[in-house]
Amino acid sequence: MTSWQRLCWHYRLWTLGCYMLLAILALKLSLRLKCDFDAMDLDSEEFQSQYCRDLLYKTLKLPAKSSINCSGVIRGEQKAVTQALLNNLEIKKKQQLFTEADYLRMTADCEHFKTKRKFIQVPLSKEEASFPIAYSMVVHEKIENFERLLRAVYTPQNVYCVHMDQKSSEPFKQAVRAIVSCFPNVFIASKLVSVVYASWSRVQADLNCMEDLLQSPVPWKYLLNTCGTDFPIKTNAEMVKALKLLKGQNSMESEVPPPHKKSRWKYHYEVTDTLHMTSKRKTPPPNNLTMFTGNAYMVASRDFIEHVFSNSKARQLIEWVKDTYSPDEHLWATLQRASWMPGSDPLHRKFDLSDMRAIARLTKWYDHEGDIENGAPYTSCSGIHQRAVCVYGSGDLHWILQNHHLLANKFDPKVDDNVLQCLEEYLRHKAIYGTEL
């Protein structure tokens, strides 16, 4: 073999070696970049890869309705907030929300609906998969609000009971049923009631869902209850961590009632289309219970919910409050201070928990808004007020996200869709990347 032939032979071997090395590197890279979305765990080494997270986020990123600076709105930058508020004024005139007919059409193909509407269809971590949450969702109108709320809290390991007001419109009920039918872990409450504002029926709607959820095969740990104007301000992963920290305790507003609220259970109330106070005085609470006041929303352990149905003293209190005014605002608060209820707090006033200290729901009340430097708990609402409660605007989002609550109330895309869009973007980005926008 001549020196030229030997040189050519060595060159071929070198080239072949280079190709083999490149092939091995390509194989290793492809294995590293393989993202198993069916057995996903964002805490695993595989999903520490920026490639996998980017791919997942691209798949689940929600389409923006408006070109606003959500990062700036979330940080509370005045220029971004002002632009979002002005943009909201412009789009409100021509805004078209999805109708019941739209949802009937979209859900004709469930897989397409879930993919197009960007529902998260796999648990994002092993920790979340092993800690399912139950939701009691009471709704009566505004179908897009319901679907966006469901999408925001939905994961396949959780379980969701939806109570529709029996007097809701037929198109609304059909659309809710159509949406629910697309998910194996979402169902309609087995018993529906007509809900009258501030009456017992609001509690009964939740109780119907609670009873159904206790029959579910899903081994949920905690229950959260929602209404149609709620929205989460924490990701599911953050909720799981917060619930684990409770270690079996509940978290809900429960305080000594001010004098003006005591009349709510001193007199018998009658229900027609609305609630009417009579002159008939009620007997004292059963079992010499001390009454407390709070709100309709709770973060309650499974043990607590089970005792609502099985404990005779709890059942007696439930019967007693049925003819009171807004029983949802004192039933749960009082049970939370009963020593025989799991996860409850002691009676002493030092254990009072305000709505700002509980994690169940963040709400801005009109009569508490003002200048923080002068002692107000929060600044003025940037949206509008409904029954003295702030319907949030874009200017509220920075404040909202500084708080420890799991959900906030009230949101309405008809009032300000941009605050919802930015909150949705924030939650989806944080769910995938673990960081803010």
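Sequential numbering from 1, following the chain as shown.
Even glycines carry a Cβ here, placed using N, Cα and C.
Per Swiss-Prot, disulfide bond is recorded for Cys70-Cys227, Cys161-Cys381, Cys182-Cys209, Cys390-Cys422, and the stated evidence type is similarity to another entry. Look at Swiss-Prot and you will find Asn288 tagged as N-linked glycosylation site. Under the heading topological domain 'Cytoplasmic', Swiss-Prot lists 1-12, citing sequence analysis as support. Residues or ranges marked as topological domain 'Lumenal' in Swiss-Prot: 31-437. Per Swiss-Prot, the feature transmembrane segment maps to 13-30.
Minimal Cβ crowding within 10 Å, among the disulfide-bonded residues Cys70, Cys161, Cys182, Cys390, is found at Cys182. In sequence order, the recorded positions near Cys70 (disulfide bond) (Cα within 10 Å of its Cα) are Cys422, drawn from Cys161, Cys182, Asn288, Cys381, Cys390, Cys422. Every protein chain considered, the tally of other Cβ atoms within 10 Å of the Cβ of Cys227 (disulfide bond) stands at 24. Put simply, of the recorded positions Cys161, Cys227, Asn288, Cys381, Cys422, the one whose Cα is nearest the Cα of Cys209 (disulfide bond) is Cys161. Among the disulfide-bonded residues Cys209, Cys381, Cys422, the residue whose Cβ has the fewest other Cβ atoms within 10 Å is Cys381. Mean model confidence for the topological domain 'Cytoplasmic' (1-12) is a pLDDT of 59. Sequence-distant contacts (6 or more apart, same chain, Cβ under 8 Å) of the residue listed as 'N-linked glycosylation site' do not exist in this structure. DSSP assigns Cys161 (disulfide bond) to a strand in the three-state reduction.
Here the candidates are the disulfide-bonded residues Cys182, Cys227, Cys390, Cys422. The one whose C-alpha lies nearest to that of Cys381 (disulfide bond) is Cys390. When the Cα atoms are compared, Cys161 (disulfide bond) and Cys422 (disulfide bond) turn out to be 27 Å apart.
Note: the Cα of Cys390 (disulfide bond) and the Cα of Cys182 (disulfide bond) are spaced 33 Å from each other. Taken residue by residue with DSSP, Cys390 (disulfide bond) is part of a strand. Between the CA atoms of Cys227 (disulfide bond) and Cys422 (disulfide bond) there is a gap of 20 Å, rounded to the nearest whole number.
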